[in-house]
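As recorded in TrEMBL, the features of this protein are as follows:
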TRANSMEM  67-86  transmembrane segment
TRANSMEM  92-111  transmembrane segment
TRANSMEM  123-143  transmembrane segment
TRANSMEM  149-173  transmembrane segment
TRANSMEM  194-214  transmembrane segment
TRANSMEM  226-251  transmembrane segment
TRANSMEM  307-325  transmembrane segment
TRANSMEM  355-376  transmembrane segment
TRANSMEM  576-596  transmembrane segment
TRANSMEM  608-627  transmembrane segment
TRANSMEM  639-661  transmembrane segment
């Protein structure tokens with residue numbers, strides 16, 4: 001396992017939550033910020049140890065904030081699908097646009113903290129923005145508040161503020177925790193990060209299991225309670241802010257020290273600009289394009305930028321991994337809505353499956369670190385970091401291959417006769433004969449639509465009705481049911497004391513009603529002669545039913561039930577292999593990649609690598625939303641597309657890694673200094689203004 005040069009080997013909990021914790025751990029600065037600080041009262045210690053009391057407030061704050069973020073995000077895709085009634089592609093696109101924004105905004109937070117406000121004030125101010133976003137988001141989920149346009153506007157504003165808040169404080173909180181320790185307490189600081197990341201995973205694991213329950217099992221305003229599912233994470237974020245402020249008097253607050261990311265960007269920009277201005281063949285070439293910044297920037301900075309650009313070059317293929325990984329909360333959740341969620345003792349909500357990832361990460365880390373990797377080393381196999389990352393990509397690709405197979409099994413079409421039309425719609429002529437009776441009629445049908453033809457005898461002659469059926473499975477694992485009234489009187493139907501349906505006489509059909517899956521669905525049928533019980537039996541996950549009321553006799557309703565769309569016959573447990581693969585892939589790809597890239601760069605450039613890593617996640621999510629909106633296709637085909645793309649990127653990354661030569665940053669700095677010393681006498685001083693040489 002590649003260690004971090006600045007700190008040494010990371011323990012298990014420090015390796016977890018790889019997208020957003022390892023980089024904050026390393027950006028925390030393994031050494032306290034240099035310089036003179038205002039004299040501060042030392043924080044009281046925990047139980048006589050060397051741990052400052054202030055870290056307790058920071059750990060609790062982080063747990064609540066991560067619960068808040070992951071809990072809200074767990075139900076977000078189904079919120080778009082069910083509450084806004086957006087289609088799956090639009091829901092996926094907006095979900096990934098939000099995720100991408102959450103990984104663009106940390107750069108803003110880092111610049112604010114390092115160049116302007118300092119970490120403490122940045123956390124306070126952006127946490128307030130975070131809380132406001134949560135509150136607006138929760139209010140926007142109240143159905144009785146305005147129309148859909150109001151709900152959409154409130155939700156989008158809330159999500160933007162949440163993205164600004166969660167992303168802005170992301171690079172600050174762990175770094176601020178590291179600042180609380182005195183320079184000589186390095187071992188205590190290391191253990192603090194273990195506890196810190198344990199709190200992150202605890203918040204993620206608990207929230208992704210609990211908030212879907214609040215959404216699906218609790219009903220408010222007559223439907224799924226999204227207001228509560230968003231309101232509880234909002235309350236946790238308020239608690240996070242209160243706890244953080246409560247420890248204010250105990251914190252060590254270091255002043256802003258300047259942002260190295262801005263310096264790196266300026267150095268690169270100056271080098272490019274200077275190179276373009278000095279294109280004359282009379283000017284001697286320089287060994288590296290960044291050497292063209294030497295007129296303004298120090299040799300040490302230029303040398304460090306050279307080192308970090310080598311690593312950033314390896315980051316170019318990485319967004320494709322995150323494009324697949326982050327679809328657990330979108331496409332995989334949507335897939336789960338079309339599966340059987342009955343585990344016997346518990347019915348799992350489709351968005352609860354996401355809790356498997358943080359759970360499996362906690363299980364896999366010690367297995368890999370203390371079992372798999374040592375075994376590979378004993379076999380004397382050269383399992384380099386590049387090969388580990390490539391293996392992680394392959395595992396993620398295989399996970400999407402399994403998802404494609406499951407999707408094909410899920411979407412077995414209903415058994416309808418298919419007709420090829422002459423255009424978008426066509427008039428069809430029907431002739432029926434039954435027991436000497438003949439019926440001829442015409443109906444106009446539209447393409448890509450599904451119909452049922454009802455033929456019945458009325459007053460000695462044949463009659464018919466053409467009714468439109470559902471084209472796809474009901475959303476969120478619900479069951480759809482409609483009624484056809486074959487009686488000579490109107491009926492009113494009540495199902496599970498919730499749905500009230502009026503169905504007119506003479507084979508009129510009701511609209512579809514969406515009901516939760518239940519083995520015993522009892523109702524009432526109210527007619528002119530009185531009220532009688534109505535028993536529907538099992539209405540299963542994802543099925544569509546037509547119930548024909550044929551007669552009322554003996555104080556009971558006689559019905560005939562048809563299953564038009566088959567129930568979800570693929571169990572949700574079949575998603576477990578793909579979660580196993582992608583979680584194992586995350587351990588091998590993300591954790592190894594960060595440890596390796598950080599070992600290849602100087603300590604002063606860690607924040608630059610942090611920004612680069614975050615941008616790979618953001619770009620990956622951006623790619624998903626582009627595919628979802630610009631190239632809609634069958635879901636299984638989209639899974640195959642992402643599988644092929646990741647395998648192709650894996651090959652490219654492996655080739656790049658083959659030619660990459662690992663270095664020790666300290667040795668490289670020494671060589672750079674010697675080279676610069678020997679060539680200093682040959683360097684021509686250039687003026688970057690518009691003057692002649």
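Heads up, the Cβ atoms here are built off N, Cα and C, so glycines get one too.
Caution: TrEMBL annotation is automatic and unverified by curators.
Long-range contacts of the transmembrane segment (92-111) within the same chain, counting only residues at least 6 positions beyond its ends with a Cβ under 8 Å from a Cβ of the stretch, are 27, 73, 76-77, 80, 86, 122, 126, 159-160, 162-164, 166-172, 259, 261-262, 326-327, 329-331, 334, 607, 610-611, 614-615, 617-619, 621-622, 624-625, 628-629. For the transmembrane segment (194-214), the partner stretch with the most Cβ pairs below 8 Å, chosen from 67-86, 307-325, 608-627, is 67-86. Residues 92, 94-95, 98-99, 130, 134, 137, 141, 143, 148, 151-152, 155, 162, 166, 203-204, 206-208, 210-212, 215, 223-224, 226, 229-230, 232-234, 236-237, 240, 329-330, 333-334, 337, 350-352, 354, 475-476 of the same chain sit 6 or more residues outside the transmembrane segment (67-86) yet have a Cβ under 8 Å from a Cβ within it. By number of Cβ pairs under 8 Å, the transmembrane segment (307-325) is matched best by 608-627 from the list 149-173, 226-251, 608-627. Outside the transmembrane segment (226-251) by six or more residues, the chain places 43-44, 52-54, 56-58, 60-65, 67-69, 71-72, 75, 79, 83, 120, 123-124, 127-128, 130-131, 134-135, 137-139, 141-142, 176, 180, 207, 210-212, 214-215, 218, 220 with a CB less than 8 A from a CB of the stretch.
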